[in-house]
Amino acid sequence: MGSNRHFVVIISGKRKSGKDYISSKLLACLGPNKCAILPLSGPLKKQYAKDHNLDFDRLLDATEYKEHYRQDMIRWGEEKRNQDPGYFCRLATDGEGSEKDIWIISDARRLSDVVYFRDKYKEDVITIRVEADLSVRQQRGLVFTEGIDDAESECGLDNGCNWDIVIYNNNNQEELEDSISKILKRIPSSS
């Protein structure tokens, strides 16, 4: 792949489904020299922190600090997306790691995210849905929060998207490795 052409791996799933874990596994297989994880939430959180005078680094971790601001951050992000559906997609792909040939979008949450990348990168896109049983997600620390877990940011891709690959991430390592292999076979120059 040339420096102006990118292959995009779009990953979606609910909170605590294992999106970041799958993204990290793919990065480890593909190598950081040609691949980068580009979360859409990073630019959103960075701009939100700037606009609201908050600690950006603390918004990136899985602490109560982030959870305290989550609902307002979702509301704010929706306002930005309503004005410009591709806003956060462009921010993510203009930043650090955007020079890599393979981009892993680790947290697509809305159909507009998928549409943006499919429209722009056409056949150089693969979509992956990470599913995990509710009981498994709860074991990983999920506590259902009304207004968050039933909002578009968590449910926007439950329907209406034809996924190229669906991964069932229910702590079965063999099944997970099989799924990772299927994804790698679909990515140019990764095998």
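Backbone N, Cα and C define each Cβ position, glycine as well.
Marked as ATP binding site by TrEMBL: Lys14, Arg15, Lys16, Ser17, Gly18, Lys19, Asp20, Arg140. In sequence order, Val130, Ala132, Arg140, Ile167, Asn169 constitute the residues six or more apart from Gly18 (ATP binding site) in its chain with CB-CB distances below 8 Å.
The feature substrate binding site is assigned by TrEMBL to Asn169.
Neighbour density at the Cβ, taken as the number of other Cβ atoms within 10 Å, is lowest among the binding-site residues Arg15, Arg140 for Arg140.
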